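S.K.: First the structure, which I've put down as structure tokens, then a few questions once you've had a look.
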Amino acid sequence: MTQRPFNFSAGPAALPEEVLNQVAAEMLDWQGSGMSVMEMSHRGPEFTRICAEAENDLRELLQVPANFRILFMQGGGLAENAIVPMNLARGGKVDVVVTGSWSKKSAEEARRYASVNIAASGSDSKFTQLPSPGSWQLSADAAYVHVCSNETIDGIEFHELPDLKALGSAAPLVIDCSSHQLSRSIDWSRVGLAFGGAQKNIGPAGLTLVFVREDLLGHALPICPSAFDYQTVAAAQSMYNTPPTFSIYVAGLVFQWLKKFSYAGKTGVAAIEQRNIDKAQLLYGALDGSKLFENRVAAHARSRMNIPFYLRGEYNTPQLTSAFLDGAKARNLLQLKGHKSVGGMRASIYNAMPLEGVQALVAYLKDFEAQYG
Ligand code: PMP
């Protein structure tokens, strides 16, 4: 087969080719069962095994402590913006740190279930900086503190999670890690709950991962739908209702792929994290060294996963942006258009993007600059 194009979609995003090939090979008959995974009972022995292996592999990859439950849910990141306050806020107050478009949405949704204190906002910097944790105005009585640990649209990432205890807050930290989960390790000692849609680093859309510390279970508001009550979902091992079986299966194959992944003498998450660092450095280096392109995010906050970039100054016209995107497509570099709310371009370089994909993009940036710069 000829090489597939490099796909820079922000999500649903590219999956490892090995995984796609395995899914294709097993499509009509999963391991001699005579069934596709889509056609199996979620309570049968085959799927029970698929699901348990996926959960165990994920726990091992991210070194999730024993006092955290891993839940396979549905509804995506946006549903979690409601499900989290319905489960954790107890009708009281929550602190939200607004660092971009997604945390802003989380704050708006939480207002329907709790009183929301915006503890800090990066809006003055047009979301190009992370407000430093020391400046956050945390409440004394918040039920939790919400941050989006990687803002997919703005291209901002927390490279260290805040230590709420050191900031004088006893509240658990909730992180929306949709767009960088599994790209790096997580310091669980600083986290109470983490959630994210699968459709970036993990698998097909339709699956939401929730990692929740056990002491946070069992506090849902009476209005919380049973299928979204973490306690109910945990007690039923994510089988309270029919889970997104096919997405869980593909995610499980991605976990197996990642367990075997090696790079720079490392394996697993450490290896993928190192490759993600190298890919991001290569691309930011090319943008910073360019007279035609720019990334506007402060160095300390730059995302390794989502890199928005623009044509500089007078070059930043719709015509030249379109010419760039058309030329990219012609070179098999797909889905580089920026989010509609901010325009420009965005390269999402999740786990499945090889170094060669970023090298091909950098080569194109240079050629485009030589032609138009
Ligand atoms: N949070 C973040 C950080 C996201 O990137 C996204 C989706 N791009 C969402 C939440 C919303 O997720 P979903 O579309 O799965 O509801």
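Glycine is no exception: its Cβ is also placed from the backbone N, Cα and C atoms.
Bear in mind that TrEMBL entries carry predicted annotations, made automatically and left uncurated.
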S.K.: Please state which member of Thr152, Thr208, Thr232 TrEMBL lists alongside Trp102, Asp176, Gln199, Asn241, Thr242 for binding pyridoxal 5'-phosphate.
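M.R.: Looking at Thr152, Thr208, Thr232, the one TrEMBL places in the pyridoxal 5'-phosphate site next to Trp102, Asp176, Gln199, Asn241, Thr242 is Thr152.
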S.K.: Near the Cβ of Arg43 (L-glutamate binding site), how many other Cβ atoms are there if near means within 10 Å?
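M.R.: If we count other Cβ atoms within 10 Å of Arg43 (L-glutamate binding site), we arrive at 9.
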S.K.: Can you name the recorded positions among Trp102, Thr152, Asp176, Gln199, Lys200, Thr242 whose CA is within 10 A of the CA of Arg43 (L-glutamate binding site)?
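M.R.: Final answer, ordered: Thr242.
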S.K.: Sort the binding-site residues Trp102, Thr152, Asn241, Thr242 by C-alpha distance from Lys200 (N6-(pyridoxal phosphate)lysine) and give me just the closest.
M.R.: Thr152
S.K.: Out of Thr152, Gln199, Asn241, which of the binding-site residues has the smallest number of neighbouring Cβ atoms within 10 Å?
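M.R.: Ranked by other Cβ atoms within 10 Å, the binding-site residues Thr152, Gln199, Asn241 bottom out at Asn241.
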S.K.: Taking only the recorded positions Arg43, Thr152, Lys200, Asn241, Thr242, which have a CB closer than 6 angstroms to any atom that belongs to ligand 1?
M.R.: Thr152
S.K.: Going along the chain, which residues six or more apart from Asp176 (pyridoxal 5'-phosphate binding site) have their CB under 8 A from its CB?
M.R.: Gly77, Glu80, Asn81, Trp102, Ser103, Ser106, His146, Val147, Cys148, Ser149, Phe195, Gly196
